[in-house]
Amino acid sequence: MRELVEIIKGIGIEGAKEVEEKVDRQFYALQYLFRHQDPEMFIKLVIANSLVSYQLTGRGEDWWWEFARYFSGREVDSIWKAYGEFLPKSKNNRRLIEAKLNRIRKVEGFLSTLTLKDLEGYYKNMKMLWKALIKIMGSREDSKTIVFTVKMFGYASRIAFSRFIPYPMEIPIPEDLRIKSVTSKLTQEKPTKFWMKIGQESGVPPLHIDSLIWPLLGNADLTPLDIELRNKLMKLTELLGL
(Lines of atoms letter the chains of each structure in order from A and count residues from 1; the text may use other names and numbers.)
(Lines give C-alpha, C1' and ligand atoms only; values in the text may rest on other atoms or scores of the structure.)
Protein backbone atom coordinates (compact mmCIF):
# COMPACT_ATOMS: atom_id res chain seq x y z
CA MET A 1 0.00 0.00 0.00
CA ARG A 2 2.89 2.38 0.77
CA GLU A 3 4.27 1.96 -2.75
CA LEU A 4 0.81 2.63 -4.21
CA VAL A 5 0.46 5.81 -2.15
CA GLU A 6 3.91 7.00 -3.26
CA ILE A 7 3.33 6.45 -6.98
CA ILE A 8 -0.07 8.21 -6.87
CA LYS A 9 1.47 11.04 -4.84
CA GLY A 10 4.20 11.28 -7.49
CA ILE A 11 1.60 11.59 -10.26
CA GLY A 12 -0.34 14.13 -8.21
CA ILE A 13 -3.46 16.11 -9.02
CA GLU A 14 -1.69 17.83 -11.93
CA GLY A 15 -0.80 14.47 -13.47
CA ALA A 16 -4.40 13.27 -13.05
CA LYS A 17 -5.63 16.49 -14.69
CA GLU A 18 -3.33 15.84 -17.65
CA VAL A 19 -4.64 12.28 -18.02
CA GLU A 20 -8.25 13.53 -17.86
CA GLU A 21 -7.72 16.19 -20.50
CA LYS A 22 -5.41 14.32 -22.89
CA VAL A 23 -6.48 10.68 -22.60
CA ASP A 24 -10.14 10.48 -21.53
CA ARG A 25 -12.34 10.34 -24.64
CA GLN A 26 -15.30 11.46 -22.52
CA PHE A 27 -13.51 14.77 -21.91
CA TYR A 28 -13.02 15.19 -25.67
CA ALA A 29 -16.73 14.49 -26.25
CA LEU A 30 -17.65 17.24 -23.77
CA GLN A 31 -15.27 19.71 -25.42
CA TYR A 32 -16.98 18.96 -28.73
CA LEU A 33 -20.49 19.49 -27.29
CA PHE A 34 -19.45 22.72 -25.54
CA ARG A 35 -18.46 24.20 -28.90
CA HIS A 36 -21.96 23.49 -30.25
CA GLN A 37 -24.28 24.17 -27.29
CA ASP A 38 -25.30 27.00 -24.95
CA PRO A 39 -22.95 26.90 -21.88
CA GLU A 40 -25.72 26.67 -19.28
CA MET A 41 -27.62 23.96 -21.16
CA PHE A 42 -24.33 22.17 -21.84
CA ILE A 43 -23.63 21.71 -18.11
CA LYS A 44 -27.24 20.73 -17.35
CA LEU A 45 -27.21 18.12 -20.12
CA VAL A 46 -23.96 16.66 -18.77
CA ILE A 47 -25.53 16.30 -15.29
CA ALA A 48 -28.63 14.63 -16.74
CA ASN A 49 -26.63 12.35 -19.01
CA SER A 50 -24.36 11.24 -16.15
CA LEU A 51 -27.40 10.20 -14.10
CA VAL A 52 -28.49 7.79 -16.85
CA SER A 53 -25.00 6.48 -17.71
CA TYR A 54 -25.45 2.96 -16.33
CA GLN A 55 -26.51 -0.43 -17.76
CA LEU A 56 -25.21 0.71 -21.15
CA THR A 57 -25.56 -1.28 -24.38
CA GLY A 58 -22.18 -0.04 -25.67
CA ARG A 59 -18.85 1.28 -24.43
CA GLY A 60 -18.96 4.31 -22.11
CA GLU A 61 -16.78 6.39 -24.42
CA ASP A 62 -19.05 5.62 -27.40
CA TRP A 63 -22.10 6.54 -25.35
CA TRP A 64 -20.64 9.96 -24.45
CA TRP A 65 -19.76 10.66 -28.05
CA GLU A 66 -23.28 9.63 -29.13
CA PHE A 67 -24.68 12.05 -26.52
CA ALA A 68 -22.36 14.87 -27.63
CA ARG A 69 -23.24 14.49 -31.30
CA TYR A 70 -26.98 14.18 -30.64
CA PHE A 71 -27.22 17.38 -28.59
CA SER A 72 -24.74 19.33 -30.71
CA GLY A 73 -26.56 22.41 -32.02
CA ARG A 74 -29.91 21.06 -30.74
CA GLU A 75 -32.29 23.43 -28.97
CA VAL A 76 -33.59 21.89 -25.74
CA ASP A 77 -36.72 23.20 -24.00
CA SER A 78 -37.22 20.21 -21.71
CA ILE A 79 -34.36 17.82 -20.94
CA TRP A 80 -36.84 15.08 -19.99
CA LYS A 81 -38.70 15.39 -23.32
CA ALA A 82 -35.41 15.49 -25.23
CA TYR A 83 -34.33 12.22 -23.59
CA GLY A 84 -37.75 10.72 -24.29
CA GLU A 85 -36.80 11.06 -27.96
CA PHE A 86 -33.09 10.32 -27.58
CA LEU A 87 -32.92 7.15 -25.46
CA PRO A 88 -35.27 4.92 -27.51
CA LYS A 89 -33.17 5.67 -30.62
CA SER A 90 -29.83 5.40 -28.82
CA LYS A 91 -27.34 2.72 -29.86
CA ASN A 92 -25.37 2.69 -26.60
CA ASN A 93 -28.05 3.23 -23.92
CA ARG A 94 -31.24 1.30 -24.68
CA ARG A 95 -31.81 -0.54 -21.39
CA LEU A 96 -34.19 0.53 -18.58
CA ILE A 97 -35.45 3.53 -20.54
CA GLU A 98 -38.45 4.23 -18.27
CA ALA A 99 -36.32 4.14 -15.11
CA LYS A 100 -33.79 6.47 -16.72
CA LEU A 101 -36.46 8.92 -17.86
CA ASN A 102 -37.80 8.94 -14.29
CA ARG A 103 -34.34 9.90 -13.04
CA ILE A 104 -34.22 12.79 -15.49
CA ARG A 105 -37.72 13.89 -14.50
CA LYS A 106 -36.56 13.93 -10.85
CA VAL A 107 -33.54 16.13 -11.51
CA GLU A 108 -35.05 18.44 -14.14
CA GLY A 109 -36.99 20.51 -11.59
CA PHE A 110 -33.74 21.22 -9.76
CA LEU A 111 -31.78 21.96 -12.94
CA SER A 112 -34.44 24.32 -14.30
CA THR A 113 -33.95 26.64 -11.31
CA LEU A 114 -30.20 27.02 -11.88
CA THR A 115 -28.49 29.86 -13.74
CA LEU A 116 -24.98 29.68 -15.16
CA LYS A 117 -23.83 31.62 -12.09
CA ASP A 118 -25.47 29.02 -9.81
CA LEU A 119 -23.68 26.26 -11.70
CA GLU A 120 -20.38 28.08 -11.26
CA GLY A 121 -21.13 28.28 -7.54
CA TYR A 122 -21.59 24.51 -7.46
CA TYR A 123 -18.29 24.12 -9.33
CA LYS A 124 -16.57 26.09 -6.58
CA ASN A 125 -18.24 23.80 -4.03
CA MET A 126 -18.76 20.41 -5.68
CA LYS A 127 -19.50 18.87 -2.29
CA MET A 128 -22.66 20.97 -2.22
CA LEU A 129 -23.79 19.56 -5.59
CA TRP A 130 -23.01 16.03 -4.37
CA LYS A 131 -25.22 16.55 -1.30
CA ALA A 132 -28.01 18.14 -3.39
CA LEU A 133 -28.07 15.21 -5.84
CA ILE A 134 -28.09 12.66 -3.01
CA LYS A 135 -31.21 14.35 -1.60
CA ILE A 136 -33.00 14.84 -4.94
CA MET A 137 -32.33 11.32 -6.19
CA GLY A 138 -32.82 9.64 -2.79
CA SER A 139 -29.43 7.94 -3.13
CA ARG A 140 -26.60 6.86 -0.84
CA GLU A 141 -23.52 9.07 -0.47
CA ASP A 142 -21.39 6.48 -2.26
CA SER A 143 -23.88 5.81 -5.09
CA LYS A 144 -21.65 5.24 -8.12
CA THR A 145 -24.00 7.15 -10.45
CA ILE A 146 -24.11 10.18 -8.13
CA VAL A 147 -20.35 10.42 -7.64
CA PHE A 148 -19.79 9.82 -11.36
CA THR A 149 -22.20 12.70 -12.05
CA VAL A 150 -20.10 15.01 -9.86
CA LYS A 151 -17.01 13.89 -11.77
CA MET A 152 -18.55 14.66 -15.17
CA PHE A 153 -19.96 17.95 -13.84
CA GLY A 154 -16.37 18.83 -12.89
CA TYR A 155 -15.23 18.08 -16.44
CA ALA A 156 -18.04 20.17 -17.95
CA SER A 157 -17.44 23.10 -15.60
CA ARG A 158 -13.69 23.01 -16.22
CA ILE A 159 -14.45 23.38 -19.93
CA ALA A 160 -17.24 25.96 -19.57
CA PHE A 161 -15.49 28.21 -17.02
CA SER A 162 -11.92 27.69 -18.33
CA ARG A 163 -10.74 26.99 -14.80
CA PHE A 164 -9.51 23.86 -13.03
CA ILE A 165 -10.79 23.14 -9.52
CA PRO A 166 -9.74 19.76 -8.01
CA TYR A 167 -12.44 17.39 -6.78
CA PRO A 168 -13.17 17.39 -3.04
CA MET A 169 -11.34 14.70 -1.07
CA GLU A 170 -14.61 13.64 0.63
CA ILE A 171 -16.31 12.37 -2.54
CA PRO A 172 -15.68 8.61 -3.00
CA ILE A 173 -14.55 6.75 -6.11
CA PRO A 174 -17.37 5.36 -8.32
CA GLU A 175 -17.52 1.71 -7.23
CA ASP A 176 -18.22 -0.05 -10.53
CA LEU A 177 -17.33 -3.63 -11.47
CA ARG A 178 -13.88 -2.78 -12.83
CA ILE A 179 -12.90 -0.81 -9.72
CA LYS A 180 -14.19 -3.66 -7.53
CA SER A 181 -12.14 -6.17 -9.51
CA VAL A 182 -8.91 -4.14 -9.31
CA THR A 183 -9.39 -3.38 -5.61
CA SER A 184 -10.04 -7.03 -4.72
CA LYS A 185 -6.46 -7.85 -5.83
CA LEU A 186 -5.10 -5.34 -3.31
CA THR A 187 -7.35 -5.60 -0.25
CA GLN A 188 -10.48 -7.12 1.27
CA GLU A 189 -11.67 -3.62 2.19
CA LYS A 190 -14.64 -1.98 0.50
CA PRO A 191 -13.28 -0.12 -2.58
CA THR A 192 -14.69 3.27 -1.55
CA LYS A 193 -13.00 3.00 1.87
CA PHE A 194 -9.71 1.73 0.48
CA TRP A 195 -9.36 4.44 -2.19
CA MET A 196 -10.45 7.13 0.25
CA LYS A 197 -7.48 6.13 2.46
CA ILE A 198 -5.14 6.12 -0.55
CA GLY A 199 -6.49 9.53 -1.54
CA GLN A 200 -5.96 11.04 1.90
CA GLU A 201 -2.42 9.66 2.18
CA SER A 202 -1.38 10.62 -1.36
CA GLY A 203 -3.16 13.99 -1.46
CA VAL A 204 -4.99 12.96 -4.66
CA PRO A 205 -8.82 12.90 -4.30
CA PRO A 206 -10.57 9.60 -5.17
CA LEU A 207 -12.33 11.01 -8.25
CA HIS A 208 -8.92 11.94 -9.69
CA ILE A 209 -7.55 8.49 -8.75
CA ASP A 210 -10.46 7.05 -10.75
CA SER A 211 -9.15 9.00 -13.76
CA LEU A 212 -5.74 7.32 -13.36
CA ILE A 213 -7.11 3.78 -13.06
CA TRP A 214 -9.69 3.79 -15.85
CA PRO A 215 -7.34 4.38 -18.82
CA LEU A 216 -5.10 1.58 -17.56
CA LEU A 217 -8.04 -0.82 -17.43
CA GLY A 218 -9.08 0.03 -20.97
CA ASN A 219 -5.59 0.06 -22.52
CA ALA A 220 -6.05 3.70 -23.50
CA ASP A 221 -3.56 5.47 -25.74
CA LEU A 222 -1.14 7.24 -23.40
CA THR A 223 1.07 8.74 -26.13
CA PRO A 224 -0.35 12.29 -25.70
CA LEU A 225 1.27 12.32 -22.23
CA ASP A 226 4.89 13.21 -21.55
CA ILE A 227 7.32 10.33 -21.04
CA GLU A 228 7.76 10.90 -17.29
CA LEU A 229 4.01 10.70 -16.62
CA ARG A 230 3.70 7.66 -18.90
CA ASN A 231 6.41 5.87 -16.93
CA LYS A 232 4.64 6.61 -13.64
CA LEU A 233 1.39 5.23 -15.07
CA MET A 234 3.22 2.10 -16.24
CA LYS A 235 4.50 1.64 -12.68
CA LEU A 236 0.93 2.09 -11.40
CA THR A 237 -0.22 -0.57 -13.90
CA GLU A 238 2.29 -3.02 -12.38
CA LEU A 239 1.23 -2.22 -8.81
CA LEU A 240 -2.43 -2.78 -9.71
CA GLY A 241 -1.57 -6.14 -11.30
CA LEU A 242 -2.99 -5.17 -14.69
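A Cβ is built for glycine as well, from the same backbone N, Cα and C atoms used for every other residue.
These come from Swiss-Prot:
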ACT_SITE  K144  active site, schiff-base intermediate with DNA
ACT_SITE  D176  active site
BINDING   Q26, S53, W64, F148, P174, D210, W214  8-oxoguanine binding site
REGION    120-184  region 'Helix-hairpin-helix'
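Feature map: annotations from Swiss-Prot on the structure.
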residue: Q26; record: 8-oxoguanine binding site; CB count, 10 Å: 23
residue: S53; record: 8-oxoguanine binding site; CB count, 10 Å: 21
residue: W64; record: 8-oxoguanine binding site; CB count, 10 Å: 26
residue: K144; record: active site, schiff-base intermediate with DNA; CB count, 10 Å: 20
residue: F148; record: 8-oxoguanine binding site; CB count, 10 Å: 21
residue: P174; record: 8-oxoguanine binding site; CB count, 10 Å: 24
residue: D176; record: active site; CB count, 10 Å: 16
residue: D210; record: 8-oxoguanine binding site; CB count, 10 Å: 23
residue: W214; record: 8-oxoguanine binding site; CB count, 10 Å: 21
The residue listed as 'active site' and D210 (8-oxoguanine binding site), Cα-Cα, nearest whole angstrom: 11
Recorded 8-oxoguanine site residues Q26, S53, W64, F148, P174, D210, W214, farthest C-alpha pair in Å: 17
Rounded Cα separation (Å) that holds between S53 (8-oxoguanine binding site) and D176 (active site): 12
K144 (active site, schiff-base intermediate with DNA) versus recorded positions Q26, W64, P174, D176, W214 - nearest by Cα: P174
Alpha-carbon spacing, D176 (active site) to F148 (8-oxoguanine binding site), which is rounded to whole Å: 10
